[in-house]
């Protein structure tokens, strides 16, 4: 079973990105001073970059978890330790 942290991190990052884009899509730029617009778009860019980095980190962690699980299950059964498997959340 895939740990819930991977799914949670991905969902939080996607929620932040989508909510930021939804909030910005309703703003009329003509009514706001230039500095505020630049500040707002800077915040949107920062939020999207952080969300993208979070998704990439969660994806790399998921790949690492799959590789560790594959390497552990490839060993001969007599060398498998149940406590290590529970610690790594493999079984």
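Even glycines carry a Cβ here, placed using N, Cα and C.
In Swiss-Prot, the feature transmembrane segment is placed on 35-60, out of the ranges 35-60, 61-86.
Counting residues of the topological domain 'Cytoplasmic' (61-91) by DSSP class, helix then strand then coil, yields 23 helix, 0 strand, 8 coil.
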